[in-house]
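Asks: Structure provided below as structure tokens; questions to follow.
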């Protein structure tokens with residue numbers, strides 16, 4: 001056991017005993033701003049700004065002690081099937097909210113709030129939060145924790161199956177009826193790694209509701225979504241999808257030691273500035289663009305497009321379209337940029 005690791009109360013032992021060795025070995029030494037005796041200054045002594053919110057309680061530290069107490073209060077252990085890894089570093093939550101410039105009057109969607117550590121930061125920043133939580137125990141916990149703030153609505157559903165557009169639209173409408181003036185919502189979430197791709201696909205085409213999406217993802221996934229481009233080995237249809245609907249940016253790394261239980265991989269935060277529908281690349285149909293052209297092209301990534309797109313038209317017509325796009329007749333999908341695919345689609349697919 002490291003010298004700094006405190007002794008936990010005996011009441012926590014039955015539930016948390018299996019995880020104590022991991023916490024003692026892997027959880028990093030708490031920073032000054034995580035201390036329960038924090039005096040409101042950061043590591044260099046400068047005063048932190050605390051945003052005061054009507055009916056919102058003052059933000060309290062969410063360190064590993066708070067996480068363990070919250071789990072113990074519900075008799076819960078992290079569930080691998082739900083991809084539950086709880087954030088132990090309050091600074092990361094502050095940076096997540098900061099990446100989206102969350103402030104007074106914002107409406108924020110949070111996916112998988114868990115014990116509410118990020119929710120705490122969002123509400124303390126002045127936001128109204130719509131939290132979607134699949135685990136009924138965690139949904140009840142976070143709802144109870146922030147019941148007196150008037151700034152949290154909890155939806156107990158599986159995010160990948162729920163109609164999030166309806167939920168967020170109703171919340172925005174109710175706030176406008178009460179005199180608030182939110183135009184768009186934001187997404188700020190530490191999501192389970194196992195649903196990352198589903199979440200991205202569901203949220204990015206919603207630029208007429210959300211202005212930006214800030215996600216904590218597995219580091220490898222973050223790199224692939226943002227860094228992969230034409231003529232690279234990791235170039236995939238998801239890269240075209242991400243850039244069609246948004247402007248992505250890799251923000252910062254998050255070490256695996258920031259989570260409980262510790263995952264086998266590091267994480268990273270990515271922001272997606274969503275485009276409005278009027279700003280999407282000009283195609284007659286987004287469905288035909290992705291299903292008929294992009295996905296079909298990558299089904300044979302190493303094959304020439306004149307072979308993989310024969311379900312649309314003849315090889316000669318495909319070669320002619322490629323030449324009109326300024327590309328060789330022997331082009332393969334990994335060689336085409338988003339603009340190239342848009343031009344090719346518009347030449348091959350008639351409205």
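From the backbone N, Cα and C atoms, a Cβ is placed for every residue, glycine too.
Automatic, uncurated: that is what TrEMBL annotation is.
From TrEMBL, here are the annotated features:
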BINDING   85, 87, 112, 133, 158, 190  S-adenosyl-L-methionine binding site
DOMAIN    92-276  domain 'Ribosomal RNA adenine methylase transferase N-terminal'
REGION    29-63  region 'Disordered'
Asks: Quick one: of 133, 158, which of the binding-site residues has the smallest count of other CB atoms within 10 A?
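Replies: The binding-site residues 133, 158 were compared, and 158 has the fewest Cβ atoms within 10 Å.
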Asks: Could you tell me which of these binding-site residues, 85, 87, 112, 190, has the greatest number of Cβ atoms within 10 Å of its own Cβ?
Replies: 190
Asks: Averaged across the domain 'Ribosomal RNA adenine methylase transferase N-terminal' (92-276), what pLDDT does the model get? Just tell me the whole number, please.
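Replies: On average, pLDDT over the domain 'Ribosomal RNA adenine methylase transferase N-terminal' (92-276) sits at 94.
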Asks: Given the S-adenosyl-L-methionine binding site residues 85, 87, 112, 133, 158, 190 in the record, what is the largest Cα to Cα distance, rounded to whole Å?
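Replies: Looking at 85, 87, 112, 133, 158, 190 as a set, their Cα atoms extend up to 20 Å apart.
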